[in-house]
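Since the structure comes first, as structure tokens, the remarks are kept for the end.
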Amino acid sequence: MVSIRLPDGSVRQYEHPVTVAEVAASIGPGLAKAALGGKLDGELVDTSTVIDRDAALAIITDKDADGLDIIRHSTAHLLAYAVKELYPDAQVTIGPVIDNGFYYDFSYNRPFTPEDLEKIEKRMQEIAKKDEPVTRRVVSRDEAAGYFRSIGEKYKAEIIESIPQTDEIKLYSHGGFTDLCRGPHVPSTGKLKVFKLMKVAGAYWRGDSKNEQLQRIYGTAWTKKEDQDQYLHMLEEAEKRDHRKLGKQLDLFHMQEESPGMVFWHPKGWALWQQVEQYMRRRVNDAGYLEIKTPMIMDRSLWEASGHWQNYRENMFTTESEKRDYAIKPMNCPGHVQVFKHGLRSYRDLPLRYAEFGSCHRNEASGALHGLMRVRGFVQDDAHIFCTEEQFIAESIAFNTLAMSVYKDFGFEHIDIKLSLRPEQRAGTDETWDRAEQGLRDALTACGLSWEELPGEGAFYGPKIEYHIKDALGRSWQCGTLQLDMVLPERLGAEYVAEDNSRRRPVMLHRAIVGSMERFLGILIEHHAGAMPAWLAPFQAVVLNIAESQAEYAHSLTQTLQKQGVRVAGDLRNEKISYKIREHTLEKVPYLLVVGDKERDAQTVAVRARGGVDLGVMPIEAFVERLQEDLRSFK
């Protein structure tokens, strides 16, 4: 007798072992038809999986997130099937699920073209319509490796050799195609109805640039056409908002081959940067942080003591001078510990909060670089809090409050919080981890925040809170972190004198709100589609004269506004006013101030807000008051 416990708490009993599909059919024909897989005692399995013991089972359909993953994974295999039918000489490698879709890497003797993608997608649709059953079988390692070698699939054979001896080797087949996979997969290809191939990109075998270059075909798959249409529309909108395009259009920054991964900031872009940095500086100063500055280049011995030289060297830029090895700092933490150590610290000095807009460099692979989002040289709004164990919850509460307020000011209302918990390999005792993890939970609870827990995802030196902001397109970006560190103070010898005159290690909290300034500015540009709120905009207003006769008044007006702290420019060019208005509208300036003879004579301005909104004619004082009202909440 086999007892199956369902999600609603009910128990069904079967006299013999049953498959997931049979359980679904016993519940109802509709569920049997909709079933894509099952979750057996928490593990995803195929509908063909036989259950021969008492277990908990949930039937997975396309209404479940796991169901969508199964569809995407199966569609990746459908892609490989179609490629092998159309291009038999192509070799298949791997095809995982990624955010919003999947990819599959191929080795082929020529580049795939857009026309190839159209043919492949059409063949995928044809195979899906055949509704071919997908079957799974478990085989020996030798049988699997021998099979793939016999059909010339050397990459699959290599993957099999790297699979742990304790793992099962599963082969999935549909039609004439067999692939190696952990699964699970849909029961038949007819379940795959909504998909689209997106693009081809280069990729290295096993992600190593020393290996062969492959071709990666990206695709997306969904349960409903409306969802795919919505996703494709979002991609179109994202293309319009691409910070690289807007950076050029708005004359904010550029990048060039002579300095890969580094940014050349133009005056308008640097003005935007300064607004963000000055705002962040105000906020951390008000929160009791002390701003410091640490060296960009430090001796190898410090990086060895911190552990970075042994564990992070391949990502560090190094140099040598007078027979000494140095590294350009990839992060600020070791330098902040040096400041803390400089002098005897007492428990009365704690908490100490050191902040730095620290310039860091990391030797990212050239293929991973992406505009402002992935660079080699960047500035972090970095800070480290040194406190006692009794103080760290209060410090965490204060940081949560500060971070959420900052995100709101920048226009981000939806923040997802994730708490990464202890990994298997870790420093410190279980009791220390218990206190650390519960302390971060208590801090989040005290702030009225909800969070998702990620078991095993913490760093070996402590648990971490991550702050993921959602932009206007619904995309999630991890920006902020609050990382508890149980190791670095010990490694670098940081200590303070406790109340009982003993020497103790401080608790160290690494924290950032925006993270990389470059990346955050890229996110901001895309979130606002380049139309920055007035408090951030490089220019808050531009004064435009209609004819030469108003040039003197327009110039005087510009100077008056500048003296009142308005970021304003004057456009006195001898061009048609319609041309000038259009140009500055495309530059997304918040306010255009137009002056003609009437405005000059009455000492007024005609105000146009962004979006072509006509605010009418008003005295300059009234405009300044309106602008100040816009800015008041950020002063």
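Using the three backbone atoms N, Cα and C, a Cβ is placed for every residue, glycine included.
As recorded in Swiss-Prot, the features of this protein are as follows:
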DOMAIN    1-61  domain 'TGS'
REGION    242-533  region 'Catalytic'
BINDING   C333, H384, H510  Zn(2+) binding site
Request  = State the three-class DSSP label for C333 (Zn(2+) binding site), counting H, G and I as helix, E and B as strand, and everything else as coil.
outcome  = helix
Note = Ordered by sequence, the long-range same-chain Cβ contacts of H384 (Zn(2+) binding site) under 8 Å (at least 6 apart) are N332, C333, H336, V337, F340, R353, Y354, M508, L509, H510, R511
Message = For a three-state summary based on DSSP, what are the helix, strand and coil counts in the domain 'TGS' (1-61)?
response = 14 helix, 25 strand, 22 coil
Segment-level pLDDT (mean, integer) for the region 'Catalytic' (242-533) = 94
Query = Hey, what's the Cβ neighbour count for H510 (Zn(2+) binding site) at 10 Å?
reply = 22
